[in-house]
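Chemist: Here it is: the structure, laid out below.
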Amino acid sequence: GTPQKYDPTFKGPIYDRGCTDIVCCVLLVVAIVGYVVVGVVAWTHGDPRKVIHPTDSRGQFCGQQGTPNDSSPCPIPVQTCVSKCPDRYMTYLTAHGNPASLEYYRNFCTPEFKSSQKAPLEVLKDKECPAMLIPSTPLARRCFPAIQAKKGVIMVGNETTYDDGHGRRRNVTELLEGAKKANVVLETRQLAMKIFEDYTVSWYWIIIGLVIAMVASLIFIVLLRFLAGIMVWVMIVMVILVLGYGIFHCYMEYAKLKGEAGSDVSLTDLGFQTDLRVYLHLRQTWLAFLIILCVLELVIILLLIFLRKRILIAIALIKEASRAVGHVMSSLLFPLCTFFLLCLCIAYWASTAVFLSTSNEAVYKVFNESACPFSGHTCNPETFNTSNVTKLCSDAQCLFAFYGGETAYHKYLIVLQFFNVFMFFWLANFVIALGQVTLAGAFASYYWAFKKPDDMPAFPLFSAFGRALRYHTGSLAFGSLVLAIVQVIRVILEYLDHRLKAAENKFAKFLLSCLKCCFWCLEKFIKFLNRNAYIMIAIYGTNFCTSARNAFFLLMRNIIRVAVLDKVTDFLFFLGKLLIVGSVGILAFFFFTQRIKLVQDTAPPLNYYWVPILTVIVGSYLIAHGFFSVYGMCVDTLFLCFLEDLERNDGSAEKPYFMSQDLRKLLKKTNKGQPDA
């Protein structure tokens with residue numbers, strides 16, 4: 001690309017700008033309106049009770065006020081709503097001859113069960129009562145077998161055997177296989193309850209830990225202004241020393257094996273060995289390690305010699321970023337706005353997905369045991385008894401089968417779900433893009449202020465936010481749309497990979513793996529390109545394609561500086577996150593495990609001490625990531641401005657540099673008529 005030329009009218013982010021990528025803006029508005037329509041339709045047809053509440057064999061909800069089952073919280077195997085789960089072993093055969101037992105058993109039969117005079121075989125055949133009751137535990141309004149293990153003995157309802165109704169005692173392990181998944185659910189429930197209890201007694205200490213993480217993040221960002229250079233050079237020296245020790249160790253092992261039997265066997269003669277320790281007894285192995293480490297050490301030293309100036313520039317830019325953040329302190333709180341908007345996107349997507357998935361209607365099918373031409377056909381339970389089906393098939397029943405539908409709406413539910421996922425990615429990427437272009441505009445106004453901070457606008461962050469929404473909604477929609485398309489394709493590839501796991505077609509698996517890798521790389525590249533394009537949009541107000549092209553060519557003209565700065569800042573951010581998360585995590589560990597004597601009695605009693613510790617660690621990482629994402633955007637913005645400054649200006653009185661005094665000293669640049677102090 002062609003380097004930028006001097007423009008006497010350019011004094012930082014352009015205020016006199018026009019709307020860009022209007023077509024994409026209109027497309028986004030239309031898509032949002034369509035998304036709202038989809039949400040309204042889903043909320044009209046959907047019923048989340050289908051996820052929460054169980055149903056009986058007629059598709060009626062259990063435990064709902066105003067329904068025939070309003071006091072029935074859980075179903076049993078015959079899909080009948082009951083007021084209480086069974087608490088004892090019992091079969092219908094044993095209960096039939098005992099009035100008291102039959103009265104108890106009646107609680108678990110269908111409403112149609114009226115007469116106790118029917119033969120047990122007829123009752124079971126008509127599915128009016130379950131064949132057997134098992135001690136059960138209610139969970140999520142459903143009854144699950146109360147399976148537990150005491151000292152390695154499997155028990156159901158505190159018993160190890162049960163009566164099968166024929167006078168024989170059977171072992172409860174025969175029920176274990178059929179109820180294994182239910183037992184997992186019960187254990188998960190117990191675990192969830194204990195975790196909830198831990199949160200109730202430790203939530204305020206968790207908040208204190210997160211506040212400490214926030215303060216530590218602020219302190220680290222402030223210290224970067226003064227310690228960035230020291231931290232980078234310590235890292236470089238440590239790498240050189242570690243490699244030097246590796247070279248020394250390899251040489252000592254190589255010399256120690258001299259004269260030992262079998263140590264002079266070559267790697268080619270030895271061939272491939274599954275026990276890798278065999279290779280450590282060969283001198284040739286240590287010689288290969290020695291050569292590799294020497295070459296690596298030499299390459300690093302040569303890079304430091306030739307890139308020392310660019311490393312110094314990276315350190316100076318990091319220090320400058322700290323000053324910029326200090327002058328735009330509101331930028332540290334801006335991620336909260338982005339986080340809030342992302343939560344709205346997630347909430348709308350999740351609720352729409354639930355309502356869409358529960359939009360199906362109850363479908364009833366004909367069930368029978370004897371041969372019947374209507375078996376499996378759709379039926380209407382209200383008119384079933386008067387239809388021809390009951391005349392031709394005496395044992396046929398119209399029972400609830402599943403939720404579905406045959407209307408046009410139900411046929412295109414999968415399309416609406418796909419649209420829901422696509423819009424989620426598009427809107428989430430748009431929110432992130434809005435945050436990036438806002439921060440870029442604020443930090444660019446700092447860099448291009450000739451007298452810092454006097455020439456900065458009064459509210460740089462709010463000004464940048466207003467410009468982004470007013471003029472560049474279309475450009476942000478364009479960039480986020482491209483990224484959303486790639487992300488949806490990746491989701492589809494992951495779905496196909498999941499479906500093909502059991503397949504034996506190795507070529508298809510290989511092709512799918514290649515596609516997943518390619519689209520992963522493409523997504524990373526688009527994110528990198530979008531980020532820099534948004535910086536150009538914030539500064540010049542150009543459309544997305546022009547901004548992306550200019551940013552890409554500007555970076556390619558300074559590819560070495562880009563590579564060095566990227567690695568140096570990545571290391572510092574990683575070090576900062578590791579330091580903050582590690583420090584707060586260790587402090588939380590010692591506190592919640594009551595190992596700090598001063599506050600030993602203050603720590604709350606816990607079922608699992610790792611619950612608050614992991615919460616504090618994850619929360620600390622998110623807080624640190626939020627602060628460092630602002631810092632990273634600041635560094636990237638200042639870097640692009642710095643490269644533009646070098647191309648546009650030459651330090652003369654007509655074309656003075658806008659970079660800081662430290663950067664000018666480092667590059668041996670001066671502004672004529674304005675000597676550096």
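Glycine is treated like the rest: Cβ placed from N, Cα and C.
Just so you know, TrEMBL annotations are computer predictions that nobody has curated.
Keep in mind it's a predicted model, so treat the numbers as computed, not measured.
The transmembrane segment annotation in TrEMBL covers 21-43, 203-223, 230-248, 286-307, 328-350, 423-450, 471-493, 533-556, 568-592, 608-628.
Each of the listed features needs to be described in terms of its position in the shown structure.
Modeler: Outside the transmembrane segment (21-43), and at least 6 residues removed from its termini, the chain residues within Cβ reach (under 8 Å) are 348, 351-352, 355-356, 359, 409, 416, 419-420, 423, 426-427, 430, 472-475, 477-478, 481, 543-544.
Within the chain carrying the transmembrane segment (203-223), a Cβ under 8 angstroms from the stretch's Cβ atoms is held by residues 322, 325-326, 332, 576, 579-581, 583-584, 587-588, 591-592, 603-604, 612, 615-616, 619-620, 623-624, 627-628, 631, all 6 or more beyond its ends.
Residues 236, 239-240, 243-244, 246-247, 250-251, 253-254, 257, 267, 280, 560, 564 of the same chain lie 6 or more positions beyond the ends of the transmembrane segment (286-307) yet place their CB under 8 Å from a CB of it.
Only residues 6 or more beyond the boundaries of the transmembrane segment (423-450), in the same chain, are considered here, and those with a CB under 8 A from a CB of the stretch are 10-13, 28, 31-32, 35, 321, 324, 327-328, 331, 334-335, 337-338, 341-342, 345-346, 348-349, 456-457, 460-461, 463-465, 467-469, 472, 476-477, 479-481, 483-484, 487-488, 530-531, 534-535, 537-539, 630, 633-634, 636-638, 641-642, 645, 656, 658-659.
Remote same-chain residues near the transmembrane segment (471-493) are listed as 17-28, 421-422, 425-427, 429-430, 432-434, 437, 512, 515-516, 519-520, 522-523, 526-527, 530, 533-534, 537, 541, 543-545, 547-548 (criterion: CB distance under 8 Å, separation of at least six residues from the stretch ends).
For the transmembrane segment (568-592), the list of distant contacts is 202, 205, 209, 212-213, 216-217, 220-221, 224, 228, 231-232, 235, 311, 314-315, 318, 599, 603-604, 606, 609, 612-613, 616-617, 620-621, 623-625, 628, 631-632, 635: same-chain residues at least six beyond its ends, Cβ to Cβ under 8 Å.
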